[in-house]
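*Asks:* Handing you a structure now.
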Amino acid sequence: METFLFTSESVNEGHPDKLCDQISDAVLDACLAQDPESKVACETCTKTNMVMVFGEITTKAQVDYEKIVRDTCRAIGFVSDDVGLDADNCKVLVNIEQQSPDIAQGVHGHLTKRPEEIGAGDQGHMFGYATDETPELMPLSHVLATKLGARLTEVRKNGTCPWLRPDGKTQVTVEYYNDNGAMVPIRVHTVLISTQHDETVTNDEIAADLKEHVIKPVVPEKYLDEKTIFHLNPSGRFVIGGPHGDAGLTGRKIIIDTYGGWGAHGGGAFSGKDPTKVDRSGAYIVRQAAKSIVASGLARRCIVQVSYAIGVPEPLSVFVDTYGTGKIPDKEILKIVKENFDFRPGMIAINLDLKRGGNSRFLKTAAYGHFGREDPDFTWEVVKPLKFEKVEA
């Protein structure tokens, strides 16, 4: 049996880039909670002792940007300079302007257009992917890397591993078998965890705790064997982290946010963007399409692409590839996708309820992945029953 190795990585919520994603989405939540028609394009950057939010926001909402920044940093665990940032004493810079009137008239006619007439907020192409290798219909390498990162945060916050600090990265290599286009995981080849820690702990303690409290509860035993390689804090020291260790920027972790290197990516980031931005809404609807195709049994693995022009509601193109795993030809599946999914941005926002913010709805997406999550707020993860005429075999 011929196998191959494939690797996916993740970072947890204390990574500086992910901190920025979460602040941008916390701002989006705050705007949408008060004004569902808010137009938000919010970027965040951070470095030692400083966070800046900037971008274009048009909203009726009254938003205290500085409070959102400090609250988000504090919730993640950035409460002192020692851990990489002090939420209550860092500098917060805000430079936010209104959306360009040129963009506004072209996209939503200064809020006069009906939902089905709303144009895409920009050009671009987005991909959705699904695979039957996990219950989430997501790639195993990505699922494990993501869950290890989430588990690191859990054991830090609940006191199981008090030596942990907020910043950390994970990476998982899985050995796969290609079953006529479908991906079948055989075993976990390598697990890599690099996590920020305090001065009190030894490398041996770090390795023992990570194996016992992080890896064991997350990686199913059937995938581990005596040959599995573990790299646990291989650099030997990771005390300085968060924005003190590296600068952070919104939209720098787009592969972690999606499919861990599987499928494809059009390059657009998600966080800090309202649903007229097709980078986000387009990627969400094609995930629902790909997932629904696989869940319905039409294919074991599927990718869907959609593309847009600024100001134009209808997509320019829709593409489907099932990697040879389709029960019917791809062109038939493409027809089913087009008949069952409305790719116009205004209709995506309605069908996936994307104008509803608040309650950390989008903040939750900004760490540990936008896809494969069981949470009613992740409306794009709901499998849509597909209507089509059954072709008799």
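For all residues, glycine too, the Cβ spot is worked out from N, Cα and C.
Pulled from Swiss-Prot, these are the listed features:
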- GLU9: Mg(2+) binding site (BINDING)
- HIS15, ASP167, GLY168, LYS169, SER235, GLY236, ARG237, PHE238, ASP246, ARG252, LYS253, ALA269, LYS273, LYS277: ATP binding site (BINDING)
- GLU43: K(+) binding site (BINDING)
- GLU56, GLN99, ASP246, LYS277: L-methionine binding site (BINDING)
*Asks:* From the binding-site residues GLU9, GLU56, GLN99, LYS277, pick the residue whose C-alpha lies nearest to the C-alpha of ASP246 (ATP binding site).
*Replies:* GLU9
*Asks:* Using other CB atoms within 10 angstroms as the count, which residue among the binding-site residues GLU9, GLU43, ASP246 scores least?
*Replies:* ASP246
*Asks:* I'd like to know which of the binding-site residues GLN99, SER235 has the most other Cβ atoms within 10 Å of its Cβ.
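*Replies:* Answer by Cβ density within 10 Å: GLN99.
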*Asks:* For the C-alpha pair, I'd like the distance in angstrom between GLN99 (L-methionine binding site) and the residue listed as 'K(+) binding site', rounded off.
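*Replies:* The separation of the Cα atoms works out to 13 Å.
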*Asks:* How long is the line from the C-alpha of HIS15 (ATP binding site) to the C-alpha of LYS277 (L-methionine binding site), rounded to the nearest angstrom?
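*Replies:* HIS15 (ATP binding site) to LYS277 (L-methionine binding site), Cα-Cα distance: 25 Å.
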*Asks:* Please report the DSSP secondary structure of LYS273 (ATP binding site), reduced to three states.
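*Replies:* Note: LYS273 (ATP binding site) is in a strand by DSSP.
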*Asks:* What whole-number value in Å do you get for the largest C-alpha pair distance within HIS15, ASP167, GLY168, LYS169, SER235, GLY236, ARG237, PHE238, ASP246, ARG252, LYS253, ALA269, LYS273, LYS277, the residues recorded as binding ATP?
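*Replies:* Greatest Cα separation within the listed binding residues comes to 42 Å.
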*Asks:* If you measure from the C-alpha of the residue listed as 'K(+) binding site', which of the binding-site residues GLU56, SER235, LYS253, LYS273, LYS277 fall inside 10 Å?
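*Replies:* Close binding-site residues: GLU56, LYS273.
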*Asks:* Counting all other Cβ atoms within 10 Å across every protein chain shown, which of the binding-site residues LYS253, LYS273 scores highest?
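*Replies:* Of the binding-site residues LYS253, LYS273, the most buried by Cβ count within 10 Å is LYS273.
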*Asks:* Give the number of CB atoms, excluding that of GLU56 (L-methionine binding site) itself, located within 10 Å of its CB.
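*Replies:* I count 16 other Cβ atoms within 10 Å of it.
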*Asks:* Sorted by position, what residues of the same chain at least six away from GLY168 (ATP binding site) have a C-beta under 8 A from it?
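*Replies:* Same-chain residues close to GLY168 (ATP binding site) (Cβ under 8 Å, separated by 6 or more) are VAL11, ASN12, GLY14, HIS15, GLY149, LEU152, THR153, ILE193, SER194, THR195, GLN196, GLY241.
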